[in-house]
Amino acid sequence: MSSPYILVLYYSRHGATAEMARQIARGVEQGGFEARVRTVPAVSTECEAVAPDIPAEGALYATLEDLKNCAGLALGSPTRFGNMASPLKYFLDGTSSLWLTGSLVGKPAAVFTSTASLHGGQETTQLSMLLPLLHHGMLVLGIPYSEPALLETRGGGTPYGASHFAGADGKRSLDEHELTLCRALGKRLAETAGKLGS
């Protein structure tokens, strides 16, 4: 049996959400857990996976086993009109078997997102990702205002989870506060999973 891990599951089209996933993974490791970073393949207009089984680069694709066996979950997506991107939704829609068995009940979870514009739907996207987690019975974590960067940020960061203003071309790097908030969220998730597992 493998050691406990936090699954950092995301979809990223231009790389901003992928970078957030890496920073959240750093926070998870600071919290004492292994971070297992996974992504999902793009989908076609027919709503089927259209990428090879193993990606040419970047994180491996997530499996239901990755999700079932995690000690906690960080879920990330770029914003698509205030919602999570369809590849992530497609993956989550296929988790009914885990819901039926209660595999995720009582496990901690957090969400993160990136947007092209400052007011591009960060919080509504985070809320859209929280809904399936609540249906699975997961314990939702956000970022408390005791985290100073949440009060100082001029870009991303919400009490619902980490966020990033990536710019219209998706190339704006995470700023100091966004980095801090990603790592803080990952660390909080790992520490909570540790407390729940003890």
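Easy rule for this one: first residue shown is 1, then count along the chain.
Glycine too: its Cβ is placed from the backbone N, Cα and C atoms.
Model, not experiment: these values are computed from the prediction.
Listed in Swiss-Prot for this protein:
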| type | residues | note |
| --- | --- | --- |
| BINDING | 12-17, 79-81, 114-120, H135 | FMN binding site |
| DOMAIN | 6-190 | domain 'Flavodoxin-like' |
Among S12, T79, S114, S117 [binding-site residues], residue with fewest other Cβ within 10 Å: S117
Taken over the domain 'Flavodoxin-like' (6-190), the model's mean pLDDT: 94
Least Cβ-crowded entry, counting other Cβ within 10 Å, from the binding-site residues listed as G15, G120: G15
